[in-house]
Amino acid sequence: MTDIIRLTAAQSAEKIASGELTAVEVTEAHLARIEAVDEKVHAFLHVDREGALAQARAVDAKRAAGEPLGPLAGVPLAMKDIFTTEGVPTTVGSKILEGWIPPYDSTVTKRLKAADVVILGKTNMDEFAMGSSTENSAYGPTGNPWDLTRIPGGSGGGSAAALASYQAPLALGTDTGGSIRQPAAVTGTVGVKPTYGGVSRYGMVAFSSSLDQGGPCARTVLDAALLHEAIGGHDPMDSTSIDAPVPPVVDAARSGDVRGMRIGVVKELGGEGYQPGVVQRFNESVEVLRELGAEVVEISCPSFVYALAAYYLIAPSECSSNLARFDAMRYGMRVGDDGTRSAEEVTALTREAGFGAEVKRRIILGTYALSSGYYDAYYGSAQKVRTLITRDFEKAFESVDVLVSPTTPTTAFPLGERVDDPLAMYLVDLCTIPVNLAGNAAMSLPCGLAPEDGLPVGLQIIAPALKDDRLYRVGAAVEAAFVKKWGHPLLEEAPQL
Amino acid sequence: MPGITREEVAHLGRLARLELSGDELDHFAGQLDDIIGSVARVSEVAGEDVPPTSHPLPLTNVMRPDTVRPSLTPQQALSGAPAQEQQRFKVPQILGED
């Protein structure tokens, strides 16, 4: 059973298709793993044992009937608890949606079911995806499988921790300011933020609509590509979904040839304030790319230093508007309805009881930034910075094919260290935020352990909009070179749980 | 840029329909003051000539064909309602008594 959980998604699918393993065997192995370790890790908020086994049985029946199977048929997946799942609880890590059973599937959920992927359950996250440590979950934090006393990143810490502890070979995340890439970096896994509009947002609970993007999480670059292809593509139910084919991500992941590619190192994302071991591993990755035949140059993106400030005005502004829907009238929690209070009073009492501290902070900050008298100075200026950042990217991509940087300034820090220090917590997303503001694509993949603490470091690769395939081409090349150098995938160095 | 006071936080809480406690008002006022102080620098960088970007995609009025298709039943739509009556969402009083 131990061997089954260590297979990649591509390997599992192949063995299921050939009959070497059944989908039920693969699913049962993962359910047993969850049973054995998740009490310690707390990656899952809800495990859908019956639903997963039913889906696995359907895949096995399909195969027995000689029907064709897709490239991920029978492979288990851990889904961030932000995507709606018909008949299965969806909380977004918030008390305000405790016990809510959605009456419909998100587009991503539908596509996974159509691809015969087995959904094991829903993973822990910072409430409404606001946070970088999963400590803002109303249901308690998740531990980092490399060191359970440290953060697994956030907001998608549950999905990343599930992958790193072999509870699932595939997971789903959403990335508004780094919530896929930063958890991937600190857990030694792979995470991709696709081009904005590349994966449907229908049925994905909204935080900041112009920034939110769902995407794949996995332990290998090829697995992430297979999942990207399964969930990506145009959706008429999401008016901001791009009407274009999914970039050839799987072909790119299989090629992994970077000879002749031009790669830019972002000057502003590194140096002072970065952990020495992070810088060291990043510099080694750049050396590896050179050895593989890429041409590496330094690129300056001067507006990036304002990205964090712009983000913490734009994201809270959009969140204050989006979260107005939680009004205690149509679904979710209702508090204080004793027959004497008005609807408005009940709404205010419910939101006070149902939202956690970080969500309230951001709603208030957004309400402030959008209020008359401050709008131009704050929200208006932040939107101009967004233009400048987009221009920096456009200029950079005139001379290089992709950009690279560390994914995060530090490795995983101890749980509790920054939970009530919002500004220190916000700094975690320094390198990932520019991509969300411009709407292009980026990946994080493991590039080694920091010598000073033995914890994973992430390499970020950034591509222009709709050129997501370049991430996989470069990512596959770096991954293969490192696995050859280390003699095994990085995760094999993680402690036994 | 002006500092953010406890009274302002209370006012913003009312606008945002959040019945904040006294402790929260004290706690958030200090934190929000720090955050505002640190993000205010956005106004230093962009000049008059820089147009704002509200969204990564230049989209306006995306349409799809107006065709009849399956949708939620009333029962499904009401399945998460805190209270319901006669196939409708039941809400507390919206207008005053008089």
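Backbone N, Cα and C define each Cβ position, glycine as well.
Among the features that TrEMBL reports, active site, charge relay system is placed at A:Lys80, A:Ser155. Taken from TrEMBL, the feature active site, acyl-ester intermediate covers A:Ser179. Feature annotation from TrEMBL assigns domain 'Amidase' to A:25-471.
Non-local contacts of A:Ser155 (active site, charge relay system) by the CB criterion (under 8 A, 6+ apart in sequence, same chain) comprise A:Gly93, A:Met125, A:Asp126, A:Ala129, A:Met130, A:Gly131, A:Ser132, A:Thr134, A:Asn136, A:Thr174, A:Thr176, A:Ser179, A:Pro183. Neighbour density around each Cβ, counted as other Cβ atoms within 10 Å, peaks among the active-site residues A:Lys80, A:Ser179 at A:Ser179. Confidence for the domain 'Amidase' (A:25-471), expressed as mean pLDDT, is 97. For the recorded site, A:Lys80 (active site, charge relay system), the DSSP three-state label reads strand.
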